[in-house]
Amino acid sequence: MLTFRPGTRVSKNRKLKISQHRPSGSRVKFDEEGNPVAPLAIVAATTETEVALDEEARKDYYKKLGEQLRNVDHEDKKVEREKRREKRMKEKIKRKQGEMEEEEEEEEGHEGSASSSEEIGR
């Protein structure tokens, strides 16, 4: 007599087999007239962008998107150039101020050393 115990394994022969030849995950949708339609075709026709599976409409849509991206890219490049130019100008101003301060310190150093040598020579 066979009894089933919890925790025992089921033999591989008794497991449900999944057919590899059976299509999985495919649905058939029907339009108002009852004709079968691909599920994505219905979604594409009802989207806000109004781009259906029509090849010409899709090309036009991508062309418009490409043009918009080029315009935005052009503006971004202008902004980036301006930022780099401002950064270079700030660095240049800092560098010039630093050089001027060094020159002033050197001039003060030369004047101070000359007066001290005169005092020593007396």
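Cβ atoms here come from the backbone N, Cα and C positions, even for glycine.
Whatever TrEMBL says is automated annotation, not expert-curated.
According to TrEMBL, the features are:
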REGION    1-32  region 'Disordered'
COMPBIAS  11-20  compositional bias 'Basic residues'
COMPBIAS  68-83  compositional bias 'Basic and acidic residues'
REGION    68-122  region 'Disordered'
COMPBIAS  84-95  compositional bias 'Basic residues'
COMPBIAS  100-109  compositional bias 'Acidic residues'
COMPBIAS  112-122  compositional bias 'Low complexity'
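Look at the compositional bias 'Basic and acidic residues' (68-83): DSSP puts its residues at 16 helix, 0 strand, 0 coil. Under DSSP, residues within the compositional bias 'Basic residues' (84-95) fall into helix, strand and coil as 12 helix, 0 strand, 0 coil. DSSP states for the compositional bias 'Acidic residues' (100-109), grouped as helix (H, G, I), strand (E, B) and coil, give 10 helix, 0 strand, 0 coil.
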